[in-house]
Amino acid sequence: MLKTQKDKKLENCFSTNNKTKKKKNIIVGLSGGVDSSLSAALLVEKGWNVEGLTLWLMKGQGSCCSEGLVDAAGLCEDLGINHKIIDSREIFEKEVIKKTTESYEKGLTPLPCSMCNKNVKFEEMLNYAINKKDFTHIATGHYARIKKSSYVEKLDCKSFVFKEFLLLRGADENKDQSYFLYSLSQEVLSRLEFPLGEMKKEETRKEALRLGLRTAQKPESQDLCLVEHYGSMQRFIDKHIEPKEGEIMHVNGKVLGTHNGIQHFTVGQRKGLGIAWPKPLYVKSLDRGKNIVYVADKSDLFNKEAIISKVNWVSIVEPKQEIEVEAQIRYRSHPVKGTLIPLKNLDNPTKNFKLIFEENQSSITPGQAAVFYKGDILLGGGLIN
């Protein structure tokens, strides 16, 4: 059974080996789920001085009564560690709710989890740790890994200049969450721990049971926190964006029907179009200015190029010449080979790249992330323009 930090402190009083050993202090982000719970427990077991931190994100969500907050607080009590809730509703509203809404209004398909990771979750955790002064590290339950640059010495990666800390895929390829972390900085990586990075999901559940964690049997959440809060992404959109009628038009120019807002559509969508045609049609593109949803045959959805903007180079120094990468253009897709070319003729030349795929790709979706890998190493990523 897991010993609490309270028990370990008593042990240390009688251990001559620990008299000169200084514990590292770490803040663990706790959602109340099994992954973050196990992360905290494993760090306690390894001898870290742990404090749990839960972000209060949603307006209309009480700080004392949501299931996640209650489970996080209970877990910390079980482990004998401190637990803190900080009110992050304003920054979440500004950086996630507002920006997600604006993206849908522009006809984009945003990635709220990435927005949250970049501007809310890790920022809030790191600032909290820094303000406490004696806390040096932060941790989350993400399935991803961090390595030092020496990791690449035996790899064929001569075309890249690596930074000190590298972000890697999680060992469990089915649970890997590195795609959502492409916006992290070296400062964050230097202080960040992923206790579950080397584990498989089934091992996580077994470990949680072994340690007797109260969240060990808790079902895994499959949805975005926005979906969990609003019930569906459709309800989120309806609450934040006014309907505006427009046309659904075939790419050949024929009007096939009407819609009540481009925010309800995404590139590649087939279901819910409400139109009649001899064979299945898919959303090809969204024209915000004309408020038109363009549809086409599936064969018309394929493209070999995309412009990637707001690129963040996580693990390597920004390349000045074209490089070969493995690009992932949606969370559950497999990475595909491509060439990334810096663009010199756009307003912000250091942040815009042309991505040319080796083979045609279907439904390249504006607003989603294109994340670049070399094997397991996440090089960087940006937004599909």
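Here the Cβ of each residue, glycine as well, is placed from N, Cα and C on the backbone.
Together with G29, L30, S31, G32, G33, V34, D35, S36, L55, Swiss-Prot lists one candidate of G80, G107, G141 for binding ATP, that being G141. In this structure, the CA atom of S31 (ATP binding site) is 11 Å away from the CA atom of H142 (site 'Interaction with tRNA'). Scoring each of the recorded positions (L55, C116, C225) by how many neighbouring Cβ atoms lie within 10 Å, the top position goes to C116. Here the candidates are the recorded positions C116, H142, C225, Q368. The one whose C-alpha lies nearest to that of D35 (ATP binding site) is H142. Ranking the recorded positions S31, Q368 by how many Cβ atoms sit within 10 Å of each one's Cβ puts Q368 at the top. With a 10 A radius on its CB, D35 (ATP binding site) counts 25 other CB atoms from all the protein chains. Taking the binding-site residues G29, G33 in turn and counting surrounding C-beta atoms within 10 angstroms, the largest count is reached at G29. For H142 (site 'Interaction with tRNA'), the same-chain residues lying six or more positions away in sequence with a CB closer than 8 A to its CB are D35, G170, Q177, S178, F180, L181, F194, L196, G197.
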